[in-house]
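According to Swiss-Prot:
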- T112, K113, K114, D115, G164, Q165, S166, G167, V168, G169, K170, S171, T172: GTP binding site (BINDING)
- C245, C250, H252, C258: Zn(2+) binding site (BINDING)
- 63-221: domain 'CP-type G' (DOMAIN)
Amino acid sequence: MKTGRIVKSISGVYQVDVNGERFNTKPRGLFRKKKFSPVVGDIVEFEVQNINEGYIHQVFERKNELKRPPVSNIDTLVIVMSAVEPNFSTQLLDRFLVIAHSYQLNARVLVTKKDKTPIEKQFEINELLKIYENIGYETEFIGNDDDRKKIVEAWPAGLIVLSGQSGVGKSTFLNHYRPELNLETNDISKSLNRGKHTTRHVELFERQNGYIADTPGFSALDFDHIDKDEIKDYFLELNRYGETCKFRNCNHIKEPNCNVKHQLEIGNIAQFRYDHYLQLFNEISNRKVRY
């Protein structure tokens, strides 16, 4: 038996990495009976049959899992936004952050296309990123001349997953980091201000102290797994200040003696962050139940 990590999955074949050696494996029939499928990122135990082939016997417990796209055991989720084409959006960023925290993922923010961004817009984005840094997020704003290898190797060890909407430059970023990957890229649609999907599956690529993965771009974000009363926990500053609200279940909207509303009034919480919280709270409160 060998133990390794699934780094690629295509048509029911799972490529497992064991210290740089790759094995094409398939899950035993037991998994089909349990209606359980391995995903990229899983740590598995498998039996070798023939050269570099085998059958998966066990999938070890996942510490976390992203549902769309399916990838597990993520150490850091890098939310990739572009400054322009498509334009930087704090609302979209906040939604990505909520998704990340709902899956217990550590998140950091990478903004691309600095070299294509007017100076005034660069200043505006830098000021917004300072707000996110004060909340507790690591952020970076990069252009075409920045050394991708230096950036990636400075990130935490383990599995790094790049996530973001289509067209923000995830595949381009990886091509600069590892030119031999030659990942497909596409220009954005001028009419829609968003990109076309070029990455169609998740694949892990080795880096100095772990792995890095590109993921298919999002055209929509799914909040079906999140309850309205959980959202406040995924806005980190609301969660922090909410600990001293009068009521433990305070949603920071109309409740009396709300510390979050007080911190908002004195400027310790950014108005746009609170507005995005309210929008998402109302959106989830009013969603229709799916049967």
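Cβ coordinates are placed from backbone N, Cα and C, and glycine is handled just like the others.
In the three-state DSSP reading, V168 (GTP binding site) counts as coil. Counting in whole angstrom, C258 (Zn(2+) binding site) lies 37 from T112 (GTP binding site) by their C-alpha atoms. When secondary structure is read from DSSP and collapsed to three states, T112 (GTP binding site) falls in the strand class.
Ranked by Cβ neighbours within 10 A across all protein chains shown, the binding-site residues K170, C245, C250, C258 are led by K170. For V168 (GTP binding site), the nearest of the binding-site residues by C-alpha distance turns out to be H252; the candidates were C245, C250, H252. In this model, the domain 'CP-type G' (63-221) carries an average pLDDT of 85. The binding-site residues considered are K114, H252; of these, K114 has the fewest other C-beta atoms within 10 angstroms of its C-beta. Here the candidates are the binding-site residues K114, G164, K170, T172. The one whose C-alpha lies nearest to that of C250 (Zn(2+) binding site) is G164. Local packing around the binding-site residues T112, S166, T172 was summarised as the count of other Cβ atoms within 10 Å of each Cβ; on this measure the leading residue is T112. A separation of roughly 45 Å, to the nearest angstrom, links the Cα atoms of C245 (Zn(2+) binding site) and T172 (GTP binding site).
Using a 10 Å radius centred on the Cβ of V168 (GTP binding site) and all shown protein chains, the other Cβ atoms total 29. Rounded to the nearest whole angstrom, the C-alpha distance between G164 (GTP binding site) and H252 (Zn(2+) binding site) is 29. For the GTP site, whose binding residues are given in the record as T112, K113, K114, D115, G164, Q165, S166, G167, V168, G169, K170, S171, T172, the maximum C-alpha distance rounds to 20 Å.
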